[in-house]
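The structure under discussion appears below in the form of structure tokens.
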């Protein structure tokens, strides 16, 4: 029987005797699920592994590289470009698919509801229309939330935090699987059609990353199909580079911003960067925007004019009427401050909400119910706001897609309905471009207030959805309100055009929530097609980031921290110079000898209390004169392949081994290496010996134990390592530094704090 105390004990334990507890828990959990899962943000989870960005330069690898001549290297380079082109094309097509399906389904829904409202406005009984709208929303969202909650929970949210972690070098389970892509695309379509306060732009980044990871491997492990192409790229180094290209292609398909995409994967993602990679990523982004553009242009029936570069098009801003003067700059900076404060408020509310969700709403059925509740509430709020609003505008010359008349005079429409009764993307464009006087300030104020809380409640639901568009919409609404009040104050002088302030407000709000500076400036510039605004947008985003960071961190970083991911930032914490490698490293280290008994290897790999992934290899038989110095490093995955193929010394002497192992054998097992339990080793085989010298990496990176933490951190982060061996002055292994040892140290409010590790 599970008591709450055993649960709390888990949170506080160090990682010594956690394993017994966890195993006892796993047997108990299916029978009775606790109502509350205690969650502490001061933990680092041990369930995340690192990616190996560093190649293992063992003898097999060196032999293969020596065999490849110059021409073959050129083919590899050409293959890379081909893969990048394919990533771009497929990401563009997926974006087209999402866009077209959403447009048709949402159009259908709004037409049905509009017809119904028009019918019941005349003869009374509007509550029926509300019921219809809420039921439609809730049922669509139910399907979208069920596929995520029950089939692939990784596809929830925008996927940007997960991709950020992947590019940082953390292996999040299932994040780049084909199944995730399918669920993600369907989930996005359903949640946008279901009228939630979400956008379809964020998930495009995740989709692009999955497409990239899939194509670059030349096979699908989910479908059990191997196409026997691109085998050279089956390792973490290459896969991670392609995933950053996929993320960039996703951004550029979503916003029509190829340069913004490249800068996004530079700013948010890749820890490792070089010029060739940048150029390839830019190529993938360009191709993706171009594909989307041409397909959508054909779909809209004007095949040759390439007029829709991204999923969201903010429309062109004219330079003549939209210039800005020098005295507006302080106003823009003030808007940045407001955006930063509102963004920090959004993040703080979402933080408490997410903590509540992790603790109480962790069963899939509860998550689906919550999503349906949010959908119904969103429809109800929208309906009540439209119903109570008395803001009527003439229909002449307006570009409203679904004008609702309700209680307005003939030839007029309700302007609150343009904001609520529409997909969020269209509402943003309306707020940017509608002529001055299209909105009543009261309408905008109420809309901002309601939408702020709805968007905050919606982010973190178990549906696939992005936070980009809702934040732009909130910002555009209060920005436009700000512009209107300015022109009241200045007695309607020409420079207070509300559309311009709507753009600045949108930038300020989005910058205050996600805290991206460089890429966001460029994305906004590319999406509006206007370079004049580069400087004010940059000022607004910088101010929003500085003000917001004073209160709480960005939304994505916050969610990464809430999931207890061992994420490494660019620099070690500033006050950490006093720590040395000796204090940071994990000890004792499980070492293998260069020629080791098979039984010993199997026992070490099967020991669940130490699920290490890298083992230093030391000299086999140290006599009195010679020290057992470090000879190399071998990975768990390599040992498993060796045991599976039974590469033992005795069998080699009896020439029982058919052939030498090649690198191909290791690549074919990547990325899902079999667990050690599935490998059968007989009693006689346990007595054999295994020679590790040609499979281990003979030159692993090492640091002396006196090295300071920032120095260790720099080496680890810049080379994307997974294991860093700590040696003493006689080259004996004294410890091992992995990602968790470095991610444990973090700057808190009081200074440097150390997080505890847990198996959860």
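Glycine residues also receive a Cβ, built from the backbone N, Cα and C atoms like all the rest.
Annotated features in TrEMBL:
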- 696-754: domain 'CBS' (DOMAIN)
- 81-102: transmembrane segment (TRANSMEM)
- 130-151: transmembrane segment (TRANSMEM)
- 181-198: transmembrane segment (TRANSMEM)
- 242-264: transmembrane segment (TRANSMEM)
- 276-299: transmembrane segment (TRANSMEM)
- 331-353: transmembrane segment (TRANSMEM)
- 368-388: transmembrane segment (TRANSMEM)
- 442-461: transmembrane segment (TRANSMEM)
- 467-489: transmembrane segment (TRANSMEM)
- 501-525: transmembrane segment (TRANSMEM)
- 531-552: transmembrane segment (TRANSMEM)
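Just going by CB pairs under 8 A, the stretch in 181-198, 467-489, 501-525 that sits most against the transmembrane segment (442-461) is 467-489. The stretch from 81-102, 130-151, 368-388, 531-552 with the most CB pairs below 8 A to the transmembrane segment (276-299) is 81-102.
For the domain 'CBS' (696-754), the model's average pLDDT works out to 87. Residues 317, 319, 322-324, 328-329, 332-333, 335-337, 339-341, 343-344, 347-348, 351, 503-504, 507-509, 511-513, 515-517, 520-521, 524-525, 558 of the same chain lie 6 or more positions beyond the ends of the transmembrane segment (531-552) yet place their CB under 8 Å from a CB of it. The largest share of C-beta pairs under 8 angstroms with the transmembrane segment (368-388) comes from 130-151, of the ranges 81-102, 130-151, 501-525. Counting residues 6+ beyond its ends, the transmembrane segment (130-151) has Cβ neighbours under 8 Å at 109, 112-113, 116, 179, 183, 186-187, 189-191, 193-196, 364-365, 367-368, 371-376, 378-380, 382-383, 461-464 in the same chain. The stretch from 81-102, 181-198, 242-264, 501-525 that makes the most Cβ contacts under 8 Å with the transmembrane segment (467-489) is 501-525. In the domain 'CBS' (696-754), helix, strand and coil residues by DSSP number 16 helix, 20 strand, 23 coil. Below 8 angstroms of C-beta separation, residues 181, 185, 188-189, 192-193, 200, 204, 207-208, 211-212, 215-216, 230, 233, 242, 245-246, 249-250, 253-254, 280-281, 283-292, 295-296, 299, 311, 423 of the same chain, each at least six residues beyond the ends of the transmembrane segment (81-102), sit close to that stretch.
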